[in-house]
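Heads up: the structure comes next, in structure tokens.
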Amino acid sequence: MGEYSASELWSIVVMQGFSGLSLFSVLLLMALGLAIIFGQMGVINMAHGEFMAIGAYTTVMLSKVAVEYGFGNLYFLPAIAVSFAMAFLTGYLVEIGLIRYLYKRPLDTLLATWGLSLIMQQTFRSTFGAKEVSAELPPWMMGSFKPTETVDIPINGVFVMGLTAFVCLGVFLFLFRARWGLQARATTQNRVMAGAVGINTKKVDRVTFALGCGIAGLAGAAFTTIASTGPTTGSLYIVDSFMVVVFGGAASLMGTVVSAFGIAQAQSILQFFITSSMGKVATLLVIVTILMIRPEGLFAAKVRR
Amino acid sequence: MIKAIFQKMLGGKSGMAGLLILAAIIFLVLPLGLDLFRLNLVGKYLTYAFVAVSLVLLWGYGGILSLGQGIFFGLGGYCMAMFLKLEASDPVSTKIQTTPGIPDFMDWNQLTALPWFWEPFHSLTFTIIAILLVPTLFAFLIGSAMFKRRVGGVYFAIITQVVALILTILIVGQQGYIGGVNGITDLKTLRGWDIRSDSAKYILYFINGTLLVGVILLSRVILGSKFGLLMLAMRDKEERVRFSGYDVANFKIFMFCLAAMISAIGGAMFTLQVGFMSPSFVGIVPSIEMVIFAAVGGRMSLIGAVYGALLVNYGKTAFSESYPELWLFLMGGLFIAVVMFFPNGLAGIYEKYGKKRVAGKEYTGSGPVMPSRTLPDPKLVPVGDAVSPPTKGMGISKQSVH
């Protein structure tokens, strides 16, 4: 690193750190949905990436419509809501049609949802074409802040971070302050007992799964602001998101936040100094090594085994 | 003693019949009925069958779902490919390169000397040992790190998947050292024997088939032994086996290593038959497809795995030639259908409907019994188990089997 001066190095760290924060936001939104589904029901949703793609495609389509009719700078916030709704609805139907039969077979949910993801990918390809599409960003989201000469912070990145923070807060309130969250947590802890005290655990499962999918849809909407969307976009993120969930400790949402932050920052900063693929390899290797030492993840619930 | 082993290998009347039918199909029906191009294609499918068989051992009987069998398939294949590549790049045929005598892709990437880890692959003996041992040692490393820490189930599946991803990125990134995304191509001869000639293709097909039948026999011996029974016991009630004084981790490590070795043999045969090796057979997607071969064939049936590999790959070739967009729908539908309706795959369907008609009576052989019949009624399994840490719950043990 001898060729960089101290101030250049500082700008690099700030900018890579910031791009890491954008990656962190998308990863966290993806992983949050996964963690809710996995932690709550033990379901491995390999189609989670495709739910994200649903959100992304919805946003892209809405942007096309909005630009057509001249609402170019207004559509984005409603699009986020519609993306959530679309993914939520699809998730709800998938739970009814597929997932509810597989609750006691976690490894089989993995295979079945992988099949589902193939079908969804092909559906995207047949409907929207194999080419990547991108949304028209509303004008207020373009451009960047320039706090110093060498540092350049894009507004869309800031927006995505804001959205993530908002969603996290929402999920937190929903799970820990709302009545529904109480029921969901009770079901997680002791399904039989929860059923015995009159909680409709099946309904809770259904809503939880759909909620996880809906958050993936939100991730998709956020994703459109920083990259373009293709049929296989979701599958690019799925392994990373699973690593985030497993690394953080499956049952701990706090762990998910911390590990998404760590993984995104490590990847983003390493990518600058070694090649992008080697940065990823290094990050994953470190995670796998740590997981071998601490299989339950960083923030495991303390259970005597 | 020898007689007992022999009996287990053949697996009683019904097991023997199944094996004979498979052997007849591999060695008689297919070679006589198909032209060389198609036969070579079937040979390629049969190399996947090695992986499918290894997954039956590991997943069906051991309850360990590895989503990274492509790693071992690839390691075996790459070891073979490195040997063949060195033979194909002798100084005479590569004299137009800046540095003659090294593989062409190294030359394109401005390497001027053979990397150290390629050197030993000049020797065929070393190569064969490497094909068998490199994947096994790798599996031992992963396996002992994970199973000793009691990582299992879902976590194991995800971690093996990540290892597959890491390996693919590494291979793709190292264009100069290992051929990058194109893989190792243009393989010509094995010790001077042209592997692209028609006669070689026939011979390789038969070697491949023989090895596959051998692997099935070996697996039957293992499953029929006390070890096999312990694997089953471990799959269904790991804690009880542990409390009975067995070191569960060691058994699992052994099984994982064995499965890795079997997959690697398949990979090496793949390289020989197809003439190249590339990272597209190593990563996450091929690894999951391999699991599907085993699932379609029947996760409890060694022979079923072979049919599963043949059938799915045949379908893939046939459909992706004519209806490429239909194929993914079909493949996805197949995944879902198998998991939801036929958890024991083709073998399960045969068990349920075909067997009585074919054999005339229930199976009474001394070979590996379909153990799933003794599983408890799924309704009796405590519901709370569904949310217990996935490290312990192996989904497969709780399914209903008819």
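Cβ atoms are placed via backbone N, Cα and C, with glycine included.
Keep in mind that TrEMBL annotations are predicted by a computer and have not been checked by a curator.
Annotation source TrEMBL lists transmembrane segment at B:12-33 (among others).
What TrEMBL lists as transmembrane segment is B:45-64 (among others).
Under the heading transmembrane segment, TrEMBL lists B:121-142 (among others).
Annotation source TrEMBL lists transmembrane segment at B:154-173 (among others). Residues 64-68, 70-71, 74, 78, 142, 146, 179-181, 279, 282-284, 287, 390-391 of the same chain lie 6+ residues outside the transmembrane segment (B:154-173) yet bring a C-beta within less than 8 angstroms of a C-beta in it.
Positions annotated as transmembrane segment by TrEMBL: B:202-232 (among others). Long-range Cβ contacts of the transmembrane segment (B:202-232) within its own chain (Cβ-Cβ under 8 Å, at least 6 residues beyond either end) map to 5, 8-11, 15, 19, 22-23, 26-27, 31, 36, 39-40, 42-43, 46-47, 49-50, 53, 56-57, 61-62, 195, 241, 246, 251, 254-255, 258, 262, 265, 269, 272-273, 302-303, 306, 366-368, 371.
Summarising the annotation, TrEMBL assigns transmembrane segment to B:253-272 (among others).
Here TrEMBL flags B:292-314 (among others) as transmembrane segment.
Taken from TrEMBL, the feature transmembrane segment covers B:326-350 (among others).
As annotated by TrEMBL, region 'Disordered' applies to B:369-402.
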Best-contacting stretch, by C-beta pairs under 8 Å, relative to the transmembrane segment (B:12-33) and drawn from B:45-64, B:253-272, B:292-314, B:326-350: B:292-314
Cβ-based contact of the transmembrane segment (B:253-272) with the transmembrane segment (B:45-64), 3 or more pairs under 8 Å: yes
Best-contacting stretch, by C-beta pairs under 8 Å, relative to the transmembrane segment (B:292-314) and drawn from B:45-64, B:121-142, B:326-350: B:45-64
Residue numbers, six or more beyond the limits of the transmembrane segment (B:45-64), whose CB comes under 8 Å of its CB atoms: 26, 70, 72-73, 152, 156, 205, 208-209, 211-212, 215-216, 219, 222-223, 228, 231-232, 234-236, 252, 255-256, 258-260, 262-263, 265-267, 269-270, 273, 290-291, 293-294, 297-302, 304-306, 308-310, 313-314, 371, 394, 396-397
